[in-house]
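So that you can see what the record holds, here are the features copied from Swiss-Prot:
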- ASP71, ASP73, ASP75: Mg(2+) binding site (BINDING)
- CYS72, CYS88, CYS95: Zn(2+) binding site (BINDING)
Amino acid sequence: MKPNFSKGLLPAVVIEEGTKEVLMLAYMNEEAYEKTLKTKRTWFYSRSRRSLWNKGETSGHVQHVQSLYLDCDQDSIVVVVKQVGPACHTGEKTCFHYKII
């Protein structure tokens, strides 16, 4: 089974392998997906820069891909990783650190 990229970018929810904690949400195009499969590190597509980026390439806070899951419509991906350092560019463990309720 493969993701359906016919409508463009797919959301990729990144979770920590041991805790299943949600670390971040990013987007993948087909090239980012293929690079992720090949390198076992996360690659995403930046909508603002309109280019690929490798998580942790500059910070060293890389994500080692353990498994990938595809949803029932083949248009969303869950990426299970072993995170090195914080996932968020702010230095927080997860990008979801602002509690609303």
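In case you wondered, yes, glycine gets a Cβ from its N, Cα and C as well.
Taking the centroid of the Cβ atoms of ASP71, ASP73, ASP75 as the Mg(2+) site, the other same-chain residues with Cβ within 8 Å of it are ASN4, LEU10, LEU70, CYS72, GLN74, SER76. Of the recorded residues, CYS95 (Zn(2+) binding site) and ASP75 (Mg(2+) binding site) place their C-alpha atoms 22 Å from one another. With all protein chains in the displayed structure included, the most crowded Cβ environment within 10 Å among the binding-site residues ASP71, ASP73, ASP75 is that of ASP75. Of all Cβ atoms in the protein chains displayed, 6 besides its own lie within 10 Å of the Cβ of CYS72 (Zn(2+) binding site). Looking at ASP71 (Mg(2+) binding site) and CYS88 (Zn(2+) binding site), their Cα atoms lie 24 Å from each other. When the Cα atoms are compared, ASP75 (Mg(2+) binding site) and CYS88 (Zn(2+) binding site) turn out to be 24 Å apart. According to its DSSP assignment, CYS88 (Zn(2+) binding site) is coil. Around CYS88 (Zn(2+) binding site), the same-chain residues six or more apart in sequence whose CB sits under 8 Å from its CB are LEU23, MET24, THR94, CYS95, HIS97, listed in sequence order. Its Cβ taken as reference, CYS95 (Zn(2+) binding site) is surrounded by 17 other Cβ atoms within 10 Å in the chains shown.
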